[in-house]
Amino acid sequence: MSEAPQLQIHLMGSEGSDSNSEPIGQKTMPKPAENYKTKWLRIAVYTVSAICGGTAALLLTRLYYEKGGTIKWVATILQVVGFPILLPFYLISQHKSITTTTTTTKPALPVLVLVYVYLGLLIAGNAYLYSVGLEYLPVSTVSLVSASQLAFNAFFSYFLNSQKFTPFIINSLLLLTISSVLLVANNGNERPNGVSEGKYILGFVCTVMGAATYGLSLASQQLAFKKVIKSGSLKAVMDLVIYQSLVASVATSVGFFASGDWKLLRNEMDMYTLGSVSYVVTLVWTAIAWQVSIFGGVALVFELSALFANVIGALGLPITPIAAMVVFHDKMSGVKGISMVLAICGVVSYAYQQYLDDRKLIAESKVESEVIEA
(Lines of atoms letter the chains of each structure in order from A and count residues from 1; the text may use other names and numbers.)
(Lines give C-alpha, C1' and ligand atoms only; values in the text may rest on other atoms or scores of the structure.)
Protein backbone atom coordinates (compact mmCIF):
# COMPACT_ATOMS: atom_id res chain seq x y z
CA MET A 1 0.00 0.00 0.00
CA SER A 2 1.40 3.35 -0.98
CA GLU A 3 1.93 6.21 1.42
CA ALA A 4 -1.01 8.37 2.45
CA PRO A 5 -0.10 11.47 0.39
CA GLN A 6 -0.22 9.41 -2.80
CA LEU A 7 -3.83 8.47 -2.18
CA GLN A 8 -5.21 11.32 -4.23
CA ILE A 9 -8.98 11.06 -4.49
CA HIS A 10 -10.65 11.27 -7.86
CA LEU A 11 -14.07 11.95 -6.40
CA MET A 12 -16.02 14.15 -8.76
CA GLY A 13 -19.21 16.09 -8.85
CA SER A 14 -19.16 15.34 -12.55
CA GLU A 15 -17.68 11.99 -13.46
CA GLY A 16 -14.11 13.05 -14.04
CA SER A 17 -14.87 15.02 -17.19
CA ASP A 18 -15.56 18.20 -15.26
CA SER A 19 -12.50 20.40 -15.26
CA ASN A 20 -13.50 21.87 -11.90
CA SER A 21 -13.21 18.56 -10.04
CA GLU A 22 -10.21 18.34 -7.70
CA PRO A 23 -8.66 15.74 -5.41
CA ILE A 24 -9.81 16.07 -1.83
CA GLY A 25 -7.28 17.11 0.78
CA GLN A 26 -3.95 18.79 0.42
CA LYS A 27 -3.22 20.07 -3.07
CA THR A 28 0.21 18.89 -4.21
CA MET A 29 1.83 18.71 -7.61
CA PRO A 30 1.48 15.04 -8.61
CA LYS A 31 4.01 12.92 -10.45
CA PRO A 32 1.72 11.93 -13.33
CA ALA A 33 3.24 8.59 -14.40
CA GLU A 34 3.79 7.35 -10.84
CA ASN A 35 0.37 8.44 -9.60
CA TYR A 36 -1.33 6.91 -12.63
CA LYS A 37 0.25 3.47 -12.06
CA THR A 38 -0.16 3.33 -8.30
CA LYS A 39 -3.73 4.57 -8.51
CA TRP A 40 -4.82 1.83 -10.91
CA LEU A 41 -2.92 -0.79 -8.92
CA ARG A 42 -4.95 0.21 -5.87
CA ILE A 43 -8.14 0.18 -7.92
CA ALA A 44 -7.32 -3.35 -9.12
CA VAL A 45 -6.86 -4.53 -5.52
CA TYR A 46 -10.10 -2.87 -4.40
CA THR A 47 -11.97 -4.32 -7.38
CA VAL A 48 -10.84 -7.86 -6.58
CA SER A 49 -11.82 -7.32 -2.93
CA ALA A 50 -15.29 -6.06 -3.86
CA ILE A 51 -16.05 -8.80 -6.41
CA CYS A 52 -14.51 -11.80 -4.66
CA GLY A 53 -15.70 -10.73 -1.23
CA GLY A 54 -19.24 -10.06 -2.46
CA THR A 55 -19.50 -13.33 -4.36
CA ALA A 56 -18.15 -15.38 -1.45
CA ALA A 57 -20.44 -13.58 1.01
CA LEU A 58 -23.58 -14.30 -1.04
CA LEU A 59 -22.67 -17.97 -1.46
CA LEU A 60 -21.83 -18.44 2.21
CA THR A 61 -25.02 -16.71 3.34
CA ARG A 62 -27.07 -18.96 1.08
CA LEU A 63 -25.13 -21.96 2.43
CA TYR A 64 -26.14 -20.88 5.93
CA TYR A 65 -29.82 -21.01 4.94
CA GLU A 66 -29.45 -24.19 2.85
CA LYS A 67 -27.96 -26.20 5.71
CA GLY A 68 -30.46 -25.29 8.39
CA GLY A 69 -29.94 -21.63 9.28
CA THR A 70 -33.22 -19.80 9.85
CA ILE A 71 -32.44 -16.64 11.85
CA LYS A 72 -32.55 -13.54 9.63
CA TRP A 73 -30.88 -11.38 12.26
CA VAL A 74 -27.85 -13.69 12.29
CA ALA A 75 -27.51 -13.32 8.51
CA THR A 76 -27.92 -9.56 8.99
CA ILE A 77 -25.28 -9.18 11.70
CA LEU A 78 -22.78 -11.18 9.66
CA GLN A 79 -22.87 -8.51 6.95
CA VAL A 80 -21.53 -5.80 9.27
CA VAL A 81 -19.82 -7.37 12.27
CA GLY A 82 -16.57 -8.44 10.58
CA PHE A 83 -14.88 -5.04 10.81
CA PRO A 84 -12.40 -6.09 13.57
CA ILE A 85 -10.35 -7.91 10.90
CA LEU A 86 -9.53 -4.47 9.50
CA LEU A 87 -8.15 -3.13 12.79
CA PRO A 88 -4.48 -3.93 11.96
CA PHE A 89 -4.82 -1.94 8.73
CA TYR A 90 -6.60 0.79 10.67
CA LEU A 91 -3.70 1.08 13.13
CA ILE A 92 -1.26 1.27 10.20
CA SER A 93 -3.32 4.05 8.61
CA GLN A 94 -3.38 5.91 11.95
CA HIS A 95 0.42 5.70 12.19
CA LYS A 96 0.87 6.99 8.64
CA SER A 97 -1.53 9.87 9.25
CA ILE A 98 0.53 10.94 12.29
CA THR A 99 3.83 10.87 10.39
CA THR A 100 2.40 12.67 7.34
CA THR A 101 2.12 16.45 7.20
CA THR A 102 -1.17 17.75 5.85
CA THR A 103 -2.97 21.05 5.69
CA THR A 104 -6.43 19.52 5.51
CA THR A 105 -8.89 21.04 7.98
CA LYS A 106 -10.50 18.36 10.11
CA PRO A 107 -14.32 18.32 10.15
CA ALA A 108 -16.18 18.99 13.38
CA LEU A 109 -16.59 15.87 15.53
CA PRO A 110 -20.41 16.16 15.88
CA VAL A 111 -20.73 16.34 12.09
CA LEU A 112 -18.54 13.26 11.65
CA VAL A 113 -20.56 11.36 14.25
CA LEU A 114 -23.79 12.20 12.43
CA VAL A 115 -22.29 11.00 9.15
CA TYR A 116 -21.14 7.70 10.64
CA VAL A 117 -24.47 7.11 12.40
CA TYR A 118 -26.47 7.88 9.26
CA LEU A 119 -24.34 5.59 7.08
CA GLY A 120 -24.28 2.86 9.72
CA LEU A 121 -28.07 2.79 10.08
CA LEU A 122 -28.43 2.81 6.30
CA ILE A 123 -26.12 -0.19 6.01
CA ALA A 124 -27.92 -2.00 8.83
CA GLY A 125 -31.24 -1.62 7.01
CA ASN A 126 -29.64 -2.74 3.77
CA ALA A 127 -28.20 -5.83 5.47
CA TYR A 128 -31.57 -6.90 6.88
CA LEU A 129 -33.32 -6.47 3.53
CA TYR A 130 -30.72 -8.60 1.77
CA SER A 131 -30.89 -11.27 4.49
CA VAL A 132 -34.63 -11.64 3.77
CA GLY A 133 -33.96 -11.85 0.04
CA LEU A 134 -31.28 -14.51 0.49
CA GLU A 135 -33.62 -16.64 2.60
CA TYR A 136 -36.44 -16.75 0.06
CA LEU A 137 -34.65 -16.41 -3.30
CA PRO A 138 -31.92 -18.44 -5.06
CA VAL A 139 -28.53 -16.79 -4.64
CA SER A 140 -28.28 -16.24 -8.40
CA THR A 141 -31.62 -14.42 -8.43
CA VAL A 142 -30.58 -12.18 -5.53
CA SER A 143 -27.38 -11.19 -7.28
CA LEU A 144 -29.23 -10.45 -10.50
CA VAL A 145 -32.11 -8.49 -8.99
CA SER A 146 -29.44 -6.42 -7.25
CA ALA A 147 -28.57 -4.99 -10.67
CA SER A 148 -31.25 -2.39 -10.02
CA GLN A 149 -28.73 -0.75 -7.66
CA LEU A 150 -27.17 0.79 -10.79
CA ALA A 151 -30.32 2.73 -11.57
CA PHE A 152 -30.86 3.71 -7.93
CA ASN A 153 -27.27 4.86 -7.55
CA ALA A 154 -27.43 6.88 -10.77
CA PHE A 155 -30.61 8.52 -9.47
CA PHE A 156 -29.19 9.39 -6.05
CA SER A 157 -25.80 10.44 -7.47
CA TYR A 158 -27.53 12.83 -9.85
CA PHE A 159 -29.05 14.74 -6.92
CA LEU A 160 -26.35 14.28 -4.27
CA ASN A 161 -23.16 14.46 -6.34
CA SER A 162 -24.19 16.26 -9.55
CA GLN A 163 -23.44 13.10 -11.49
CA LYS A 164 -22.98 13.72 -15.22
CA PHE A 165 -23.26 10.99 -17.81
CA THR A 166 -20.95 10.71 -20.81
CA PRO A 167 -21.83 8.42 -23.77
CA PHE A 168 -19.44 5.75 -22.47
CA ILE A 169 -21.02 5.79 -19.00
CA ILE A 170 -24.53 5.63 -20.44
CA ASN A 171 -23.45 2.73 -22.66
CA SER A 172 -21.98 0.97 -19.63
CA LEU A 173 -25.17 1.35 -17.60
CA LEU A 174 -27.33 0.13 -20.47
CA LEU A 175 -25.20 -2.96 -21.10
CA LEU A 176 -25.05 -3.87 -17.41
CA THR A 177 -28.76 -3.32 -16.92
CA ILE A 178 -29.65 -5.43 -19.97
CA SER A 179 -27.27 -8.12 -18.75
CA SER A 180 -29.02 -8.33 -15.40
CA VAL A 181 -32.55 -8.05 -16.78
CA LEU A 182 -31.87 -11.00 -19.08
CA LEU A 183 -30.84 -13.14 -16.14
CA VAL A 184 -33.72 -12.03 -13.95
CA ALA A 185 -36.19 -12.91 -16.72
CA ASN A 186 -34.50 -16.27 -17.15
CA ASN A 187 -34.65 -17.12 -13.45
CA GLY A 188 -37.91 -15.46 -12.44
CA ASN A 189 -39.85 -18.72 -11.97
CA GLU A 190 -37.22 -20.51 -9.87
CA ARG A 191 -38.06 -20.94 -6.20
CA PRO A 192 -36.18 -22.79 -3.49
CA ASN A 193 -37.92 -25.84 -2.03
CA GLY A 194 -40.46 -24.96 0.64
CA VAL A 195 -40.73 -21.29 -0.33
CA SER A 196 -44.28 -20.16 -1.08
CA GLU A 197 -45.15 -17.68 -3.80
CA GLY A 198 -45.88 -15.03 -1.18
CA LYS A 199 -42.47 -15.44 0.46
CA TYR A 200 -40.82 -15.43 -2.97
CA ILE A 201 -42.46 -12.09 -3.76
CA LEU A 202 -41.46 -10.76 -0.32
CA GLY A 203 -37.88 -11.79 -0.98
CA PHE A 204 -37.95 -10.11 -4.38
CA VAL A 205 -39.34 -6.84 -2.97
CA CYS A 206 -36.83 -6.81 -0.10
CA THR A 207 -33.97 -7.40 -2.52
CA VAL A 208 -35.05 -4.47 -4.71
CA MET A 209 -35.34 -2.28 -1.60
CA GLY A 210 -31.91 -3.50 -0.52
CA ALA A 211 -30.52 -2.47 -3.90
CA ALA A 212 -32.08 0.97 -3.41
CA THR A 213 -30.52 1.46 0.03
CA TYR A 214 -27.17 0.21 -1.26
CA GLY A 215 -27.25 2.71 -4.12
CA LEU A 216 -28.13 5.47 -1.65
CA SER A 217 -25.34 4.44 0.74
CA LEU A 218 -22.66 4.60 -1.98
CA ALA A 219 -23.88 7.99 -3.19
CA SER A 220 -23.95 9.21 0.43
CA GLN A 221 -20.41 7.95 1.04
CA GLN A 222 -19.16 9.86 -1.98
CA LEU A 223 -20.90 13.00 -0.73
CA ALA A 224 -19.37 12.50 2.73
CA PHE A 225 -15.85 12.17 1.31
CA LYS A 226 -16.28 15.27 -0.82
CA LYS A 227 -18.17 17.63 1.49
CA VAL A 228 -17.41 16.51 5.05
CA ILE A 229 -14.32 14.31 5.42
CA LYS A 230 -12.21 16.10 2.78
CA SER A 231 -9.17 13.92 3.38
CA GLY A 232 -6.90 12.26 0.84
CA SER A 233 -5.52 9.47 3.04
CA LEU A 234 -6.03 5.77 3.66
CA LYS A 235 -7.11 6.73 7.17
CA ALA A 236 -10.21 8.43 5.73
CA VAL A 237 -11.32 5.17 4.14
CA MET A 238 -10.57 3.12 7.25
CA ASP A 239 -12.37 5.58 9.53
CA LEU A 240 -15.51 5.41 7.42
CA VAL A 241 -15.49 1.60 7.13
CA ILE A 242 -14.76 0.99 10.83
CA TYR A 243 -17.17 3.49 12.35
CA GLN A 244 -20.11 2.90 10.03
CA SER A 245 -19.70 -0.85 10.59
CA LEU A 246 -19.57 -0.29 14.35
CA VAL A 247 -22.84 1.64 14.25
CA ALA A 248 -24.43 -0.98 12.00
CA SER A 249 -23.25 -3.78 14.31
CA VAL A 250 -24.82 -2.09 17.34
CA ALA A 251 -28.09 -1.48 15.47
CA THR A 252 -28.38 -5.05 14.18
CA SER A 253 -27.42 -6.49 17.58
CA VAL A 254 -30.26 -4.51 19.17
CA GLY A 255 -32.65 -6.00 16.62
CA PHE A 256 -31.24 -9.49 17.25
CA PHE A 257 -31.77 -9.35 21.01
CA ALA A 258 -35.04 -7.39 20.88
CA SER A 259 -36.58 -10.00 18.56
CA GLY A 260 -35.67 -12.84 20.94
CA ASP A 261 -33.88 -14.73 18.18
CA TRP A 262 -30.81 -15.11 20.38
CA LYS A 263 -32.71 -17.82 22.30
CA LEU A 264 -32.80 -19.96 19.14
CA LEU A 265 -29.09 -19.74 18.42
CA ARG A 266 -27.96 -22.81 20.39
CA ASN A 267 -30.68 -25.01 18.93
CA GLU A 268 -29.87 -23.82 15.41
CA MET A 269 -26.20 -24.68 15.91
CA ASP A 270 -27.09 -28.20 17.10
CA MET A 271 -29.48 -28.77 14.17
CA TYR A 272 -27.10 -27.47 11.49
CA THR A 273 -26.68 -30.32 9.01
CA LEU A 274 -22.93 -29.79 8.57
CA GLY A 275 -22.29 -29.86 12.33
CA SER A 276 -21.74 -27.24 15.01
CA VAL A 277 -18.08 -26.67 14.12
CA SER A 278 -18.95 -26.07 10.46
CA TYR A 279 -21.73 -23.76 11.65
CA VAL A 280 -19.23 -21.53 13.46
CA VAL A 281 -16.74 -21.68 10.58
CA THR A 282 -19.48 -20.70 8.11
CA LEU A 283 -20.49 -17.70 10.21
CA VAL A 284 -16.90 -16.51 10.69
CA TRP A 285 -15.99 -16.70 7.01
CA THR A 286 -19.28 -15.12 5.99
CA ALA A 287 -18.54 -12.12 8.22
CA ILE A 288 -15.00 -11.85 6.82
CA ALA A 289 -16.21 -12.05 3.22
CA TRP A 290 -18.81 -9.33 3.75
CA GLN A 291 -16.24 -7.01 5.33
CA VAL A 292 -13.75 -7.54 2.50
CA SER A 293 -16.52 -6.65 0.06
CA ILE A 294 -17.53 -3.55 2.02
CA PHE A 295 -13.94 -2.33 2.26
CA GLY A 296 -13.44 -2.80 -1.48
CA GLY A 297 -16.65 -0.91 -2.26
CA VAL A 298 -15.91 2.03 0.03
CA ALA A 299 -12.34 2.24 -1.29
CA LEU A 300 -13.64 2.40 -4.88
CA VAL A 301 -15.98 5.23 -3.89
CA PHE A 302 -12.96 6.95 -2.30
CA GLU A 303 -10.74 6.51 -5.39
CA LEU A 304 -13.28 7.16 -8.15
CA SER A 305 -17.00 7.46 -7.53
CA ALA A 306 -20.11 5.73 -6.20
CA LEU A 307 -21.15 4.90 -9.75
CA PHE A 308 -17.88 3.11 -10.48
CA ALA A 309 -18.26 1.05 -7.28
CA ASN A 310 -21.71 0.05 -8.49
CA VAL A 311 -20.41 -0.87 -11.94
CA ILE A 312 -17.83 -3.16 -10.34
CA GLY A 313 -20.59 -4.69 -8.25
CA ALA A 314 -22.59 -5.26 -11.41
CA LEU A 315 -19.63 -7.08 -12.96
CA GLY A 316 -19.95 -9.62 -10.17
CA LEU A 317 -23.62 -10.25 -10.95
CA PRO A 318 -22.99 -12.79 -13.74
CA ILE A 319 -20.03 -14.24 -11.81
CA THR A 320 -22.19 -15.16 -8.82
CA PRO A 321 -24.64 -17.35 -10.81
CA ILE A 322 -21.69 -19.23 -12.31
CA ALA A 323 -20.26 -19.78 -8.83
CA ALA A 324 -23.72 -20.85 -7.65
CA MET A 325 -23.84 -23.36 -10.51
CA VAL A 326 -20.65 -24.96 -9.18
CA VAL A 327 -21.52 -24.81 -5.48
CA PHE A 328 -25.30 -25.32 -5.51
CA HIS A 329 -25.57 -27.02 -8.94
CA ASP A 330 -27.67 -24.25 -10.47
CA LYS A 331 -28.33 -24.70 -14.17
CA MET A 332 -26.23 -22.74 -16.68
CA SER A 333 -27.99 -21.44 -19.78
CA GLY A 334 -27.00 -19.54 -22.90
CA VAL A 335 -28.70 -16.46 -21.48
CA LYS A 336 -26.27 -16.41 -18.56
CA GLY A 337 -23.35 -16.61 -20.96
CA ILE A 338 -24.69 -13.69 -23.00
CA SER A 339 -25.24 -11.64 -19.86
CA MET A 340 -21.64 -12.28 -18.80
CA VAL A 341 -20.34 -10.89 -22.09
CA LEU A 342 -22.62 -7.85 -21.82
CA ALA A 343 -21.46 -7.17 -18.27
CA ILE A 344 -17.80 -7.33 -19.25
CA CYS A 345 -18.42 -4.96 -22.18
CA GLY A 346 -20.22 -2.58 -19.83
CA VAL A 347 -17.32 -2.45 -17.37
CA VAL A 348 -14.83 -1.99 -20.21
CA SER A 349 -16.91 0.94 -21.48
CA TYR A 350 -16.84 2.61 -18.06
CA ALA A 351 -13.15 1.84 -17.54
CA TYR A 352 -12.36 3.46 -20.89
CA GLN A 353 -14.12 6.64 -19.77
CA GLN A 354 -12.01 6.61 -16.61
CA TYR A 355 -8.92 6.15 -18.78
CA LEU A 356 -9.87 9.22 -20.85
CA ASP A 357 -10.47 11.23 -17.68
CA ASP A 358 -7.10 10.24 -16.23
CA ARG A 359 -5.22 11.06 -19.42
CA LYS A 360 -6.85 14.48 -19.39
CA LEU A 361 -5.91 14.98 -15.74
CA ILE A 362 -2.29 13.97 -16.41
CA ALA A 363 -2.07 16.36 -19.37
CA GLU A 364 -3.43 19.22 -17.25
CA SER A 365 -0.91 18.41 -14.49
CA LYS A 366 1.98 18.53 -16.97
CA VAL A 367 0.83 21.89 -18.31
CA GLU A 368 0.52 23.26 -14.77
CA SER A 369 4.02 21.98 -13.92
CA GLU A 370 5.50 23.64 -16.99
CA VAL A 371 3.79 26.93 -16.13
CA ILE A 372 5.15 26.86 -12.56
CA GLU A 373 8.68 25.98 -13.71
CA ALA A 374 8.58 28.79 -16.27
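Here, residue 1 is simply the first one shown, and the rest follow in order.
Glycine residues also receive a Cβ, built from the backbone N, Cα and C atoms like all the rest.
A quick note: this is a predicted structure, and the numbers were derived from the prediction, not measured.
Going by TrEMBL, these are the annotated features:
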| type | residues | note |
| --- | --- | --- |
| TRANSMEM | 43-65 | transmembrane segment |
| TRANSMEM | 71-91 | transmembrane segment |
| TRANSMEM | 111-130 | transmembrane segment |
| TRANSMEM | 136-156 | transmembrane segment |
| TRANSMEM | 168-188 | transmembrane segment |
| TRANSMEM | 200-219 | transmembrane segment |
| TRANSMEM | 240-259 | transmembrane segment |
| TRANSMEM | 279-302 | transmembrane segment |
| TRANSMEM | 307-328 | transmembrane segment |
| TRANSMEM | 334-352 | transmembrane segment |
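Most Cβ pairs under 8 Å to the transmembrane segment (200-219), among the stretches 136-156, 240-259, 279-302, belong to 136-156.
Between the transmembrane segment (71-91) and the transmembrane segment (136-156), fewer than three CB pairs separated by 6 or more residues in sequence fall under 8 Å, so the two stretches do not touch. Counting Cβ pairs closer than 8 Å to the transmembrane segment (43-65), the top stretch among 111-130, 240-259, 279-302 is 279-302. Between the transmembrane segment (240-259) and the transmembrane segment (111-130) there are at least 3 Cβ pairs closer than 8 Å, counting only pairs 6 or more residues apart in sequence, which means the two stretches are in contact. If one looks beyond the transmembrane segment (279-302) by at least 6 residues along the same chain, the residues whose Cβ comes under 8 Å of a Cβ in the stretch are 7, 9, 11, 42-43, 46-54, 56-57, 60-61, 63-64, 67, 69, 74, 78-83, 85-86, 123, 218, 221-222, 225, 236-237, 240-241, 245, 268-269, 272, 308-309, 312-313.
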